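I have placed the structure first, in the form of structure tokens, so that the comments after it can refer back to it.
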Amino acid sequence: MASTHHDGHDEGLYIKQVQGHQRRFDKLLQFTSSSTKAAAVMLAAAIVALLVANFGDHEAFLHFWHTDVTLGFGDAVAHMSLAHIINDVLMAVFFLLVGLEIKYEMTVGELTNIRQALLPIIAAVGGVCAPIVIYLAFNAANPASVHGWGVPTATDIAFALGIMALLGNRVPNGVRVFLSTLAVADDIIAIIVIAVFYGNAPSFAWLGAAAVVLIVLIAMNRLHVYSIAPYLLAGVVLWVCVFMSGVHSTIAGVLLAFTIPTGSRIDLAGFADWSGKKVRQAREAFRPDEPVMGQDDYIHHVHGLSKVARQVVPPATRLEHALNPWVNFIILPLFALTNADVALSGGSGNLLADPALLGVFFGLLVGKPVGIMLFSFITVKAKIARLPEHVNWMHMLGAGILGGVGFTMAIFVANLAFEDAAMVTTAKVGILSASALAGVLGFLFLWLQASKDKKRGVAYITTNSEDVTRQTAGAEAARAGEQLLAEVDSPLLRAELEAARREQGVTELVVDLGEDGLRSDHPDARK
């Protein structure tokens, strides 16, 4: 997920009375752009749900989430429980964000260079196939559970990248890029699986209506409609049509994302000249001794610049940045709170022998890393792609283990795959236990690998040019690198980093720390 970087260099813009408020606001923005914080909030929600289910009033908890809510306009009335609103309505917003992230990666991100993206894409296919094989090995002969083969195929991108972000700059940037691209490819596969295999018998009338709305959205894109509001209004209609069609309604979020423009209505070259003139006009109109309310010409120029500058940012980017905090800190924690309430009764011994649980557990914990590693190894040995720079097979195995963190997407598929509540609970036990183990093992594995690098005196410092938006995990790694630099005096390294920032894309320096920390000459540093 993209993040926005804020620093203290613009503090002088604000009057003294609000500088403290602005600092707190900047900290809040930094907090909401952190993948580790988002994962921590979601984990806390899941723990609360587990505690209530096992030590609190579970019946009252369930009754609350199944409270009936009436949604209506005129004669059109619909009844949904709170849980269904979260799973069907709010999760459509989550899938809208997923779709925007996929579109970003396909437009300017890691999926633009197909050769560079081949390794994580092929690895993602392996990370889907192997869990299916393992799940079916336990459940092929069991009609009640065989339909759950899609449950262990999905990776939770928020948790996986949140755990990766905890490692900071201890791992090469290539590992983060590999895991994030793999998770995006994994999401694409999961969306296809949900759309094709986990819907009800479709109503072709409603599917036709959805197709008409989709055509309208595409036409809006082609006609260069850059306001977000019309897309969101049409998106609500699309959601209703998809919901009524029998296809899972969250697919509407993905379809909507792919119609929202990624371009700007402003010519960027022309804007550079125009904005320079506007700034000069504002500077000439400014009267230092005049109260703010009396600065009509100055405010006119600044307001015009502000209106046009906002339109420079593509609608897809604006919407993605707006949705990020709501999805990460409201929607996903609510989903965890309503879906992680697994009550472990006295009969848990029988539960542990359930083939559905075993298929999900080993599919995620074993199938994911085995599939990712096997397909990656074949791809590299066949010279179809190569390992990312500074990344070895131990790093790849650590990333593969983190791919077994299924949580959100796996629970979502389990709710669709099983009609029986007991089967859903069984699958959730497998998902939660496998995801927890995969997260801990993946983190420890990469931490141990980082410790070996540290003993060799190696640190990874990542920077990027101003035209690149950092992934949240990458942004936190970059902050860790900046903190490392702040603790030492290395003019040569700083000069190298400044030169790297002027280059296109992302640059990583592998630095020789030496026995006494970072050396200013660092002769073994390499790009």
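The backbone N, Cα and C atoms fix where each Cβ goes, and this holds for glycine too.
Curation plays no part in TrEMBL annotations; they are all automatic predictions.
Some features that TrEMBL has for this protein:
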type	residues	note
TRANSMEM	38-56	transmembrane segment
TRANSMEM	76-97	transmembrane segment
TRANSMEM	117-137	transmembrane segment
TRANSMEM	149-168	transmembrane segment
TRANSMEM	175-198	transmembrane segment
TRANSMEM	204-220	transmembrane segment
TRANSMEM	232-258	transmembrane segment
TRANSMEM	356-380	transmembrane segment
TRANSMEM	392-417	transmembrane segment
TRANSMEM	429-448	transmembrane segment
Pairs 6 or more apart in sequence, C-beta under 8 angstroms, 3 or more of them: is that satisfied by the transmembrane segment (429-448) and the transmembrane segment (149-168)? yes
Out of 149-168, 204-220, 356-380, which stretch has the largest tally of CB pairs under 8 angstroms to the transmembrane segment (38-56)? 149-168
Kindly say whether the transmembrane segment (232-258) and the transmembrane segment (204-220) touch, using the definition of 3 or more Cβ pairs under 8 Å where each pair is 6 or more positions apart. yes
For the transmembrane segment (204-220), could you work out the same-chain residues 6 or more beyond its ends whose Cβ comes under 8 Å from its Cβ atoms? 230-231, 234-235, 237-238, 241-242, 244-247, 252, 255-256, 259
Could you pull out which residues elsewhere in the chain have a CB under 8 Å from any CB of the transmembrane segment (76-97), counting only those six or more residues past its ends? 1, 64-70, 191, 235, 239, 243, 248-254, 256-257, 319-320, 323-324, 326-327, 331-332, 334-335, 338-339, 408, 412, 415
For the transmembrane segment (117-137), could you work out the same-chain residues 6 or more beyond its ends whose Cβ comes under 8 Å from its Cβ atoms? 110-111, 146, 148-153, 155, 177-179, 181-183, 185-186, 189, 359-360, 362-364, 366-368, 370-376, 379-380, 384-388, 400, 403
